[in-house]
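S.K.: Below you'll find the structure I mean.
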C-alpha cells in the first residue's frame with residue numbers, strides 16, 4: 001500500500017505495449033520526437049512561385065517538398081542556401097535549372113520559377129521584370145495553344161474517322177504533340193518565341209549582368225578621381241581611399257570572372273546546354289509514352305488462331321481433319337509466335353532508335369541556347385575587360401607613385417651625400433684649427449714678429465681651402481654620376 005501510494009504520488013505513465021512494461025515513459029517537450037528528433041519547421045523557407053501565366057504565389061516549402069517538386073538532389077539545393085557561400089553557378093538538370101547568380105537564387109522548371117530570396121529589396125526589380133516577360137511570353141504563345149486545343153476537340157468529334165482511325169491517331173499523337181510544342185514557340189508574325197525556361201534564364205542573366213555592370217561603372221567613377229588626386233598629392237588619406245577601391249576592384253573582378261567561366265563552361269559543353277531544354281524533354285517524354293502505348297495496343301492485337309474449323313466440319317470429316325491438321329496446327333502456331341515476336345522486336349527497336357535519334361538531335365540542336373548564352377557572355381566579357389582596364393590604370397598609377405617616391409628618395413640620398421661631403425670638409429677645417437691649438441711655441445704665436453694679420457690670413461686661407469675641397473668633392477661625384 002505504501003509503494004502504490006508513492007507510485008500514485010509521482011504519477012508515472014506506463015505504456016503496456018512497450019517491452020518494458022511498468023517502466024515510466026519519458027515525457028518529451030512539444031515539437032520533439034523521441035528526445036533526439038528534429039524540431040518542426042526546420043528547413044522551411046519562403047519561395048515565390050511564378051507560373052507560366054505570370055501569376056505569383058508566396059509559399060512556405062521545405063527542402064524535401066522542393067526536391068519532390070523539382071526533382072533536384074539535396075546537394076543542388078545547398079547551392080541556393082543563403083547561409084552558405086557558393087560562387088555563381090548555372091546547373092541544368094533533368095527537370096529544372098538551378099541558378100545562383102549574384103543576388104538571384106532561383107529554380108526554373110518547364111512551367112514555373114521558384115525564387116528563394118524574394119523579400120530582398122534588390123530582387124524586387126528583377127521580380128517585376130521577370131513577371132513582365134512571363135506575361136509577354138504567355139500572351140505570345142496563348143493563340144497557338146487555343147488553336148491546338150480547338151484542333152484536338154475537332155479531331156475527337158470528327159465522325160469520318162470512326163473506330164478504324166483510332167490506332168493511327170494514337171500512333172501520331174506523340175509526333176503531333178511534339179510538332180505542336182514546336183509550333184507554339186512561334187509568334188503570330190512568324191518570329192521565334194523562346195521556351196519558358198529560356199525566358200526566365202534570360203531574365204536572370206540580364207539581371208546579373210546589369211547588376212555587375214552597374215557596380216563596375218560606379219567603381220570606375222569613384223576610382224578615377226581618387227587616383228588622380230593621389231597622383232597630384234601623395235597623402236595617407238588618398239592612399240587609404242585607393243586601397244579600398246583596389247580591394248573592391250579585386251572582389252568584383254573575381255565575381256565577374258566566375259560568371260564568365262560558368263557561361264564559357266556551358267558554351268563548351270553541348271550536353272549541359274541540352275539538359276536545359278526542359279520543354280523539349282517534356283515533349284519527348286510525351287512522344288515516348290504515346291509510342292509505348294501504341295506498342296502495347298499492337299501487342300494485344302496479335303493472337304493465336306483458334307481451332308474452331310472442326311466445329312464447322314461434318315461429323316464424318318472431323319476425325320480426318322483433326323488427324324491432317326494436327327501437325328500443321330503446331331507448325332503454324334510456332335510460325336505465328338515467331339512473327340509476332342519479330343514484329344514486337346522491330347517495333348521496340350524502332351521506338352528505341354527514334355527516341356535515341358531524337359535525344360541526339362536535342363543534344364546537338366543547341367543553337368538557340370548557344371546564341372542566348374553567347375550574347376550575355378560577350379556582355380560579361382566586356383565588363384571584365386573594363387575592369388581589367390581599370391586594374392591596369394590602378395597598376396599604372398601605383399607604378400607612377402612608386403617612381404615618384406623613388407625619385408624623392410634619390411633626391412634625399414643626393415642631399416645626404418652633399419651634407420656628408422660638407423661635414424667632411426668642415427671636419428678638415430676643424431682639424432686645422434686643432435693643429436694650431438696645440439701648446440707649442442712657433443713663430444706665428446710671437447706677437448713681436450707676427451701680428452693679427454697673420455692670424456686673419458690663416459683663417460681665410462683655411463676657409464678657402466675647405467671650399468675648394470668641397471667643390472672638388474662634389475665635382476668628382478658628378479663626374480662619376482653619383483650626383484645629378
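The backbone N, Cα and C atoms fix where each Cβ goes, and this holds for glycine too.
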S.K.: Of 95-140, 141-186, 187-232, which span is tagged region 'Disordered' by TrEMBL?
M.R.: 141-186
S.K.: Quick test of your reading of TrEMBL: among 236-260, 261-285, 286-310, 311-335, where does it put region 'Disordered'?
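M.R.: Here TrEMBL associates region 'Disordered' with the stretch 286-310.
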S.K.: Per TrEMBL, which of 386-408, 455-477 is transmembrane segment?
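M.R.: Matching range for transmembrane segment: 455-477.
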S.K.: From the ranges 1-34, 35-68, pick the one that TrEMBL records as region 'Disordered'.
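M.R.: That would be 1-34, the stretch labelled region 'Disordered' in TrEMBL.
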